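To start, the structure under review is shown below, and the notes come after it.
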Amino acid sequence: MTETKTQTETETDEEEGTDTDTALDTTIYYDDDADREYIDDKTVAVLGYGSQGHAHAQNLADSGIDVIVGLYEGSSSRDAARADGLRVETPATAADEADIVSVLVPDTVQPDVFEAIQDGLDAGDTLQFAHGFNIHYNQIQPPADVDVTMVAPKAPGHLVRRNYEAGEGTPGLVAVYQNTTGTARKEAVAYAHAIGCTRAGAIETTFREETETDLFGEQAVLCGGATALVKQGYETLVDAGYSPEMAYFECLNELKLIVDLMYEGGLSEMWNSVSDTAEYGGLTRGNQVIDESVREEMESILEGVQDGTFAREWISENQANRPSYTQLKAAEEAHEIEAVGEPLRDLFAWSDNEETNDESDVVSEPEAAADD
């Protein structure tokens, strides 16, 4: 297994050559900040045609950029990409002909894909990602003579595409890990412009910051923390004799209503929108559930992300054909709340809207739904 030493010490500032691991100020790039001359005459290879891949490729093409989609022979996405009017080649051929290689396949297969395409990277080319895992944890070691950047829309691919077509934008992230040409950041911002991110704002970050905050958020709050909280609340009510249906509504279904309020206007908007009874109960009881011991566990989870413990565990799990993952996933799918919720979700009109399940990403890890 390749060593998972983190690589923040090699991240350098584009203009000054200084460490950009910790940015003192947050820079947000908009349309006026983008100079399209840094991408307009270049060819982009988009490796993968899943959630993010199809959005990047189509948005780039509609912005006048020469795009090649890189898919292995036999990929089920080849016909779809061609039907969308895009040229399709193998990943190796696409990378060989491109100036920018955007790697939009799952984290777990990126190292193998890189092995297949690295000989096609010429000095001055750009190796681009939408998530920093494999660079940050040293699973991909790029050539020293290429730029390494990140452009990561903060939404599932179908929304990135839909917003672009509507003349709107999707917020995103841009980062520079390796800048050999001196223009890596300008090119990344131009790419973000071409896929529609600078319409809303592209936030500057680093590979370390994006990777570590993304993994922590998924584990402690969004995917791990939220689902564990929902299940514990559901089980508490059911064990106390309340109906599973009522427990489902109170602990899972209504969570969306609260999150939507927080999404739209922050915590204050949520508190201002619920009843006084709900507000007082939440303010006085919430910290009894999420207490200092939970904070200590969160800090432990963050430490495991920062020092590479989680990365090593996940890499080993995949190398062993995912035994723990398979067992845990099966147990989650067998939980009573799943059987209770299925007929209840049919009561809502949005359950008939297929777009709610259209190639959704795993939180902010856009490559997770990408094809090969």
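Here the Cβ of each residue, glycine as well, is placed from N, Cα and C on the backbone.
Among the candidates Gly64, Gly124, Gly132, Gly157, the one that Swiss-Prot lists alongside Tyr49, Gly50, Ser51, Gln52, Ser75, Ser77, Asp107, Thr108, Val109, Gln110 as binding NADP(+) is Gly157.
In terms of C-alpha distance, the listed binding-site residues Ser51, Ser75, Asp107 place Asp107 closest to His131 (active site).
Cβ neighbours within 10 Å of Ser75 (NADP(+) binding site), excluding its own Cβ and spanning all shown chains: 19.
The Cβ of Ser275 has fewer other Cβ atoms within 10 Å than any other of the binding-site residues Ser51, Ser275. Cβ neighbour count for Asp107 (NADP(+) binding site): 22 (other Cβ atoms within 10 Å of its Cβ, all protein chains included).
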